[in-house]
Amino acid sequence: MLKFIDIGANLTDPMFQGIYNGSNKHQPDLPNILERSWTGGLEKIIITCGTIFDCDPALEIANRDDRLFMTVGCHPTRCGEFEADPDGYFISLCNKIDENREKVVAIGECGLDYDRTNFCEKDVQKKYFEQQLNLAKKYDLPLFLHCRSAHEDFLEILSRNLDKIPKRGVVHTFDGTAEDARKLIELGFYVGINGCSLKTEENLQVVAGIPDDRIMVETDSPWCEIRPSHAGSKHVQTKLPAVKKKEKWDKDMLIAGRCEPVMIRQVLEVLAGVKNKPIEDLAQQYYENTLKMFFPKEINQ
(Lines of atoms letter the chains of each structure in order from A and count residues from 1; the text may use other names and numbers.)
(Lines give C-alpha, C1' and ligand atoms only; values in the text may rest on other atoms or scores of the structure.)
Protein backbone atom coordinates (compact mmCIF):
# COMPACT_ATOMS: atom_id res chain seq x y z
CA MET A 1 0.00 0.00 0.00
CA LEU A 2 1.14 3.54 -0.73
CA LYS A 3 2.20 5.57 2.31
CA PHE A 4 1.21 9.22 2.78
CA ILE A 5 1.73 12.07 5.23
CA ASP A 6 -0.81 14.89 5.08
CA ILE A 7 1.20 17.99 5.98
CA GLY A 8 -1.88 20.19 6.37
CA ALA A 9 -5.32 19.22 7.69
CA ASN A 10 -7.62 21.61 9.57
CA LEU A 11 -9.03 18.96 11.89
CA THR A 12 -10.31 21.55 14.38
CA ASP A 13 -12.75 22.90 11.77
CA PRO A 14 -16.42 22.75 12.90
CA MET A 15 -17.30 20.71 9.78
CA PHE A 16 -15.69 17.70 11.44
CA GLN A 17 -18.11 18.22 14.33
CA GLY A 18 -21.02 18.20 11.86
CA ILE A 19 -21.44 21.98 11.96
CA TYR A 20 -21.66 23.95 8.69
CA ASN A 21 -22.00 27.76 8.74
CA GLY A 22 -23.15 27.55 12.33
CA SER A 23 -25.82 24.93 11.65
CA ASN A 24 -25.63 21.40 13.02
CA LYS A 25 -26.20 18.93 10.17
CA HIS A 26 -24.99 15.62 11.60
CA GLN A 27 -23.14 14.11 14.54
CA PRO A 28 -19.40 14.69 15.05
CA ASP A 29 -17.48 12.21 12.91
CA LEU A 30 -13.78 12.94 13.28
CA PRO A 31 -13.09 9.38 14.55
CA ASN A 32 -14.65 7.99 11.34
CA ILE A 33 -12.59 10.39 9.25
CA LEU A 34 -9.37 9.38 10.97
CA GLU A 35 -10.16 5.69 10.61
CA ARG A 36 -10.66 6.19 6.87
CA SER A 37 -7.35 8.04 6.79
CA TRP A 38 -5.35 5.25 8.43
CA THR A 39 -7.04 2.58 6.34
CA GLY A 40 -6.31 4.62 3.20
CA GLY A 41 -2.57 4.73 3.76
CA LEU A 42 -2.02 7.83 5.90
CA GLU A 43 0.92 7.28 8.23
CA LYS A 44 0.78 10.71 9.87
CA ILE A 45 -1.32 13.87 9.76
CA ILE A 46 -0.18 17.35 10.77
CA ILE A 47 -3.04 19.46 12.17
CA THR A 48 -2.89 23.09 11.05
CA CYS A 49 -3.27 25.84 13.65
CA GLY A 50 -4.00 29.35 12.40
CA THR A 51 -4.31 31.15 15.74
CA ILE A 52 -3.37 30.65 19.38
CA PHE A 53 -7.02 29.72 19.94
CA ASP A 54 -6.67 26.67 17.68
CA CYS A 55 -3.85 25.21 19.74
CA ASP A 56 -5.74 23.62 22.63
CA PRO A 57 -8.40 21.99 20.40
CA ALA A 58 -5.65 20.74 18.07
CA LEU A 59 -3.67 19.39 20.99
CA GLU A 60 -6.72 17.60 22.34
CA ILE A 61 -7.09 15.84 19.00
CA ALA A 62 -3.35 15.18 18.54
CA ASN A 63 -3.06 13.57 21.96
CA ARG A 64 -5.53 10.88 20.93
CA ASP A 65 -3.12 9.21 18.53
CA ASP A 66 0.64 8.91 18.09
CA ARG A 67 0.21 9.55 14.35
CA LEU A 68 -1.22 13.04 14.85
CA PHE A 69 0.92 16.18 15.12
CA MET A 70 0.36 19.94 14.87
CA THR A 71 1.70 23.37 13.99
CA VAL A 72 1.71 26.47 16.21
CA GLY A 73 1.42 29.94 14.71
CA CYS A 74 -0.83 32.72 13.48
CA HIS A 75 -2.38 32.88 9.99
CA PRO A 76 -1.91 36.20 8.17
CA THR A 77 -5.62 36.97 8.26
CA ARG A 78 -5.59 36.54 12.04
CA CYS A 79 -2.48 38.60 12.80
CA GLY A 80 -4.62 41.39 14.19
CA GLU A 81 -4.84 39.22 17.30
CA PHE A 82 -1.26 40.25 18.11
CA GLU A 83 -2.12 43.94 18.29
CA ALA A 84 -3.68 44.19 21.75
CA ASP A 85 -0.65 42.62 23.44
CA PRO A 86 2.12 41.69 20.95
CA ASP A 87 4.56 40.40 23.56
CA GLY A 88 1.88 38.48 25.40
CA TYR A 89 0.62 36.81 22.22
CA PHE A 90 4.15 35.83 21.21
CA ILE A 91 4.83 34.40 24.67
CA SER A 92 1.58 32.43 24.47
CA LEU A 93 2.77 30.83 21.21
CA CYS A 94 6.09 30.01 22.88
CA ASN A 95 4.33 28.44 25.83
CA LYS A 96 2.28 26.16 23.57
CA ILE A 97 5.46 24.96 21.87
CA ASP A 98 7.41 24.57 25.13
CA GLU A 99 4.64 22.49 26.68
CA ASN A 100 4.14 20.21 23.68
CA ARG A 101 7.50 19.70 21.97
CA GLU A 102 6.74 16.13 20.92
CA LYS A 103 3.55 17.15 19.10
CA VAL A 104 4.55 20.50 17.57
CA VAL A 105 6.51 19.90 14.35
CA ALA A 106 6.29 23.30 12.60
CA ILE A 107 5.72 27.03 13.05
CA GLY A 108 2.59 28.21 11.27
CA GLU A 109 0.39 28.62 9.55
CA CYS A 110 2.05 31.96 8.92
CA GLY A 111 2.79 34.18 5.94
CA LEU A 112 1.01 36.82 3.85
CA ASP A 113 -2.45 36.95 2.27
CA TYR A 114 -3.15 40.03 0.16
CA ASP A 115 -6.42 38.57 -1.17
CA ARG A 116 -8.01 39.05 2.25
CA THR A 117 -6.69 42.32 3.60
CA ASN A 118 -10.23 43.06 4.77
CA PHE A 119 -9.41 40.73 7.69
CA CYS A 120 -5.95 42.13 8.36
CA GLU A 121 -4.09 44.95 6.60
CA LYS A 122 -0.79 44.35 4.82
CA ASP A 123 1.49 46.17 7.25
CA VAL A 124 0.13 44.21 10.21
CA GLN A 125 0.52 40.92 8.31
CA LYS A 126 4.13 41.71 7.41
CA LYS A 127 5.06 42.80 10.92
CA TYR A 128 3.83 39.67 12.64
CA PHE A 129 4.87 37.28 9.89
CA GLU A 130 8.42 38.49 10.40
CA GLN A 131 8.08 38.25 14.17
CA GLN A 132 7.01 34.62 13.94
CA LEU A 133 10.22 33.77 12.10
CA ASN A 134 11.89 34.21 15.49
CA LEU A 135 9.98 31.12 16.62
CA ALA A 136 11.61 29.06 13.87
CA LYS A 137 15.03 30.11 15.13
CA LYS A 138 14.21 29.74 18.82
CA TYR A 139 12.84 26.21 18.45
CA ASP A 140 14.79 25.06 15.38
CA LEU A 141 11.54 24.13 13.62
CA PRO A 142 10.51 24.41 9.96
CA LEU A 143 7.84 26.83 8.78
CA PHE A 144 4.39 25.94 7.48
CA LEU A 145 3.81 28.89 5.17
CA HIS A 146 0.87 30.65 3.48
CA CYS A 147 1.20 33.03 0.52
CA ARG A 148 -1.63 34.56 -1.51
CA SER A 149 -1.05 37.32 -4.07
CA ALA A 150 1.95 38.50 -2.06
CA HIS A 151 4.97 36.73 -3.53
CA GLU A 152 7.21 39.81 -3.81
CA ASP A 153 6.86 40.84 -0.16
CA PHE A 154 6.78 37.20 0.95
CA LEU A 155 10.09 36.39 -0.75
CA GLU A 156 11.68 39.63 0.44
CA ILE A 157 10.88 38.87 4.08
CA LEU A 158 12.06 35.26 3.83
CA SER A 159 15.26 36.20 1.96
CA ARG A 160 16.15 38.83 4.53
CA ASN A 161 15.61 36.42 7.43
CA LEU A 162 17.14 33.17 6.19
CA ASP A 163 19.49 33.09 9.18
CA LYS A 164 16.40 32.73 11.40
CA ILE A 165 15.05 29.79 9.40
CA PRO A 166 17.64 27.02 9.61
CA LYS A 167 15.09 24.30 8.78
CA ARG A 168 13.39 26.39 6.06
CA GLY A 169 9.87 24.97 5.54
CA VAL A 170 7.08 24.40 3.05
CA VAL A 171 4.78 26.85 1.26
CA HIS A 172 1.47 25.04 1.46
CA THR A 173 -1.40 25.17 -1.06
CA PHE A 174 1.04 26.47 -3.63
CA ASP A 175 -0.71 28.01 -6.65
CA GLY A 176 1.96 30.41 -7.88
CA THR A 177 3.95 30.57 -11.10
CA ALA A 178 6.88 28.44 -12.16
CA GLU A 179 9.12 31.40 -11.38
CA ASP A 180 7.63 31.70 -7.88
CA ALA A 181 8.37 28.03 -7.29
CA ARG A 182 11.90 28.35 -8.64
CA LYS A 183 12.71 31.25 -6.31
CA LEU A 184 11.33 29.43 -3.26
CA ILE A 185 13.29 26.30 -4.08
CA GLU A 186 16.47 28.34 -4.58
CA LEU A 187 16.01 29.62 -1.02
CA GLY A 188 15.71 26.04 0.23
CA PHE A 189 11.93 25.78 0.67
CA TYR A 190 9.57 23.00 -0.34
CA VAL A 191 6.25 23.32 -2.17
CA GLY A 192 3.01 21.87 -0.77
CA ILE A 193 0.48 20.62 -3.32
CA ASN A 194 -3.23 19.97 -2.76
CA GLY A 195 -6.44 20.25 -4.79
CA CYS A 196 -6.28 24.05 -4.83
CA SER A 197 -2.88 23.76 -6.53
CA LEU A 198 -4.42 21.77 -9.40
CA LYS A 199 -7.38 23.85 -10.57
CA THR A 200 -6.24 25.11 -13.98
CA GLU A 201 -4.19 23.85 -16.90
CA GLU A 202 -1.62 26.50 -16.01
CA ASN A 203 -1.45 25.09 -12.47
CA LEU A 204 -0.84 21.62 -13.90
CA GLN A 205 1.97 22.88 -16.12
CA VAL A 206 3.62 24.53 -13.13
CA VAL A 207 3.47 21.49 -10.82
CA ALA A 208 4.67 19.22 -13.62
CA GLY A 209 7.90 21.20 -13.66
CA ILE A 210 8.54 21.28 -9.90
CA PRO A 211 11.35 18.86 -8.93
CA ASP A 212 10.01 15.83 -7.10
CA ASP A 213 12.55 16.20 -4.31
CA ARG A 214 10.98 19.58 -3.39
CA ILE A 215 7.30 18.54 -3.25
CA MET A 216 5.10 17.56 -0.31
CA VAL A 217 1.42 16.66 -0.50
CA GLU A 218 -1.54 17.70 1.60
CA THR A 219 -5.32 18.04 1.57
CA ASP A 220 -5.99 21.27 3.55
CA SER A 221 -9.10 19.43 4.75
CA PRO A 222 -11.96 20.28 4.88
CA TRP A 223 -11.05 22.62 2.00
CA CYS A 224 -9.31 22.15 -1.33
CA GLU A 225 -10.88 18.96 -2.65
CA ILE A 226 -10.31 18.24 -6.35
CA ARG A 227 -13.64 19.14 -7.94
CA PRO A 228 -14.94 17.82 -11.27
CA SER A 229 -14.55 21.33 -12.73
CA HIS A 230 -10.82 21.40 -11.93
CA ALA A 231 -8.29 20.66 -14.65
CA GLY A 232 -6.62 18.08 -12.43
CA SER A 233 -9.79 15.99 -12.07
CA LYS A 234 -9.17 14.16 -15.36
CA HIS A 235 -6.23 12.40 -13.72
CA VAL A 236 -8.13 11.23 -10.63
CA GLN A 237 -8.50 7.44 -10.57
CA THR A 238 -9.84 6.82 -7.07
CA LYS A 239 -13.52 7.58 -6.61
CA LEU A 240 -14.65 7.73 -2.99
CA PRO A 241 -18.34 7.20 -2.12
CA ALA A 242 -19.96 10.36 -0.80
CA VAL A 243 -23.42 11.53 0.21
CA LYS A 244 -24.55 14.74 -1.49
CA LYS A 245 -26.68 16.02 1.39
CA LYS A 246 -25.08 16.54 4.78
CA GLU A 247 -28.29 15.49 6.51
CA LYS A 248 -27.95 12.06 4.85
CA TRP A 249 -24.68 11.51 6.72
CA ASP A 250 -23.39 7.94 6.86
CA LYS A 251 -20.39 7.03 9.01
CA ASP A 252 -18.92 4.97 6.16
CA MET A 253 -19.18 7.65 3.47
CA LEU A 254 -17.62 11.02 2.72
CA ILE A 255 -19.70 14.17 2.37
CA ALA A 256 -19.62 15.89 -1.01
CA GLY A 257 -17.83 19.23 -0.73
CA ARG A 258 -15.96 18.37 2.48
CA CYS A 259 -12.39 17.27 1.88
CA GLU A 260 -10.82 14.59 4.09
CA PRO A 261 -7.21 13.42 4.54
CA VAL A 262 -7.99 10.12 2.78
CA MET A 263 -8.42 12.15 -0.42
CA ILE A 264 -4.66 12.78 -0.49
CA ARG A 265 -4.34 9.81 -2.84
CA GLN A 266 -6.21 11.81 -5.48
CA VAL A 267 -3.58 14.56 -5.23
CA LEU A 268 -0.90 11.93 -5.89
CA GLU A 269 -2.88 10.59 -8.85
CA VAL A 270 -2.98 14.03 -10.46
CA LEU A 271 0.73 14.56 -9.90
CA ALA A 272 1.49 11.13 -11.38
CA GLY A 273 -0.69 12.00 -14.38
CA VAL A 274 0.85 15.38 -15.15
CA LYS A 275 4.39 14.15 -14.57
CA ASN A 276 3.81 10.84 -16.37
CA LYS A 277 5.55 8.93 -13.59
CA PRO A 278 4.55 5.88 -11.49
CA ILE A 279 2.48 6.90 -8.49
CA GLU A 280 4.44 4.46 -6.32
CA ASP A 281 7.70 6.29 -7.03
CA LEU A 282 6.23 9.72 -6.38
CA ALA A 283 4.46 8.63 -3.19
CA GLN A 284 7.73 7.29 -1.79
CA GLN A 285 9.67 10.41 -2.77
CA TYR A 286 7.11 12.79 -1.22
CA TYR A 287 6.92 10.62 1.90
CA GLU A 288 10.71 10.79 2.29
CA ASN A 289 10.70 14.56 1.66
CA THR A 290 8.20 15.00 4.48
CA LEU A 291 10.05 12.78 6.92
CA LYS A 292 13.26 14.69 6.21
CA MET A 293 11.71 18.01 7.16
CA PHE A 294 9.19 17.27 9.90
CA PHE A 295 10.30 13.87 11.31
CA PRO A 296 14.07 13.65 10.72
CA LYS A 297 14.62 11.25 13.63
CA GLU A 298 12.64 8.59 11.76
CA ILE A 299 14.70 8.59 8.56
CA ASN A 300 17.30 6.08 9.74
CA GLN A 301 15.05 3.97 11.93
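Glycine residues also receive a Cβ, built from the backbone N, Cα and C atoms like all the rest.
TrEMBL does not curate its annotations; it predicts them automatically.
Here TrEMBL flags Glu109, Asp220 as divalent metal cation 1 binding site. Residues or ranges marked as divalent metal cation 2 binding site by TrEMBL: His146, His172.
For the binding-site residues shown (His146, His172), fewest C-beta neighbours within 10 angstroms: His146. With respect to their backbone Cα atoms, His146 (divalent metal cation 2 binding site) and Glu109 (divalent metal cation 1 binding site) stand 6 Å from each other. Fewest Cβ neighbours within 10 Å among the binding-site residues Glu109, Asp220: that distinction goes to Asp220.
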